[in-house]
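Here's the structure, in structure tokens; my notes come after.
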């Protein structure tokens, strides 16, 4: 009986222990956050995609060879259920890394508001990083409303609109339209010749999901307003005239039957639509999946259309950009080591070139089109050249911690109803403004 | 003395599950309750107690109100659909002379399929330029916005989930059919009962216990819909397919409002508990009144 009892106790205990052990991540945060024997270990979370993980592992190995006192442990950022949620859980569970990449400005604003990030401009060596990487101009748009810099942008995808050049040529155009009225002319000609085709065939334009506004409304708004800040701190500072002109333009496109808001399979690639937002990642995707999409034959790229009478050169657009942050939970030694690592990476343009070659995402620097290090790459990849040229005019997302709610309101109150013909542009803009001002209080 | 010892042994054997229940159910529930009375986002070093303000804000929110009504709309579409389809499948399998197990496995497979993959396939099939829609437009002049029309979108989601669960529920119902004695049917045949009467007067009452289980399970499913909605409609159009899980996910993991999302989760669990309790009681009363239960 006694043996039975002991056996059952051991069985129950082993089940419990193994059950709980299964729940452990196996991470011992202490091991990566302490300095011993003069060696500092920093943990770096790379974006959850193999290309970026390989890049950072290679870079970290090279760095450690030259700086044996600093060990950089690169591991992939978890996505359970999103990378943002993983970071949130890690901070809450006191197991945040020293630094991570893949942070957009809106999320950085949420983290900064919660004092979870180190202002990079307070660390020694920040100014050197900016000048070494030649990114003073790019960084201006990254300053947060409290005057600090929390993110070092790694890449800046200056979003451009793709045009089906082959179809434009059939309509008698050799280049994409640049202004609203030129685009409406194209719409009329397209519908006259190809009634089943649309100018802009994209279900997302009728969807209120916050991030989707980056790739329609903000591209057009930044272009129409010359890069005016939509929100400044907790103030609604959008340019009313530019905003209303964007909504009026979209409404005009709808009235001309140029918009298709239904879910469609590869609408641009199939030619159902002739205009859509294109990021540099799409070019690599097309090479593999749609080899018939050829630069300057099937498609071309252009900055967003602007209201009539506006200068059509140096047009502002939205920048899909992410960068590196250092977490406030890191020790002073780790923060210092992190800045040393950042400086080592970005003081050498070859590292940015390596990034560009691996990811096709343009590094966030001002000299991308003038620095000789990148000349050969862009000669080999001419479709990516317009992205490099647009980097200085690319405006990053707003730095408001409520950006999700605010961008949802842009969709719900203004952009989506206008696209669907449910509101007139003026009312839509006023409704949106009122709702955003209410949310900012 | 012997009884006391046996009791201890019972507790010991139950301890792994009890520990599991405490770690993964009780502690998160208490933690969630605590969070729901704060404005904490889990990141900030400090937080404030906000009383019932998260609950008040949630009740007023259009997203939460939509989730409440969408769940019941979905229930009225999904439950009859899945019950009818699983009865049909179970009847077909029950009538097969051979390979019943094989067919049951075949119908059960969708239950194991990834919701993400099946949703993506459906999304492709229903896209504007899919062969089906091209055919409907060009041949019949029908232009249906499957995922953009509020009713159609909810119906599509209900259909996919019904497809997924039909095999599972058919498995339960088939065992119910198999348990009905053949002698009862033979006696009824001698008495001149027609097939319609046979189903309603014999099969249905004797199948009621299995049917009761399937009904309660399917009602439970309606409160936990996420993957299909997330992949197909994102809760739209205009919240027409917004579910409790979608709302909790958006607030917790997109807006990082852990306190507010916890309040929604608590409200959702209360609504779920009360709804299932009432529906269960109604079903039991229905069964007792007709002498089935």
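Just so you know, the numbers here start at 1 and follow the chain as drawn.
Each Cβ is built from the backbone N, Cα and C atoms, and glycine gets one as well.
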_Between B:236-257, B:258-279, I'd like to know which one TrEMBL lists as transmembrane segment._
B:258-279
*Matching range for TrEMBL feature annotation, transmembrane segment, among B:146-172, B:173-199*: B:146-172
*What residues in the same chain, six or more past the boundaries of the transmembrane segment (B:258-279), come closer than 8 Å to it by Cβ-Cβ distance?*
32-33, 35-42, 47, 50, 54-55, 57-59, 64, 67-68, 71, 215-216, 219-220, 223, 244, 247-248, 251-252
*For the transmembrane segment (B:74-96), which recorded stretch in the set B:12-34, B:146-172, B:206-226 gives the largest number of Cβ pairs separated by under 8 Å?*
B:146-172
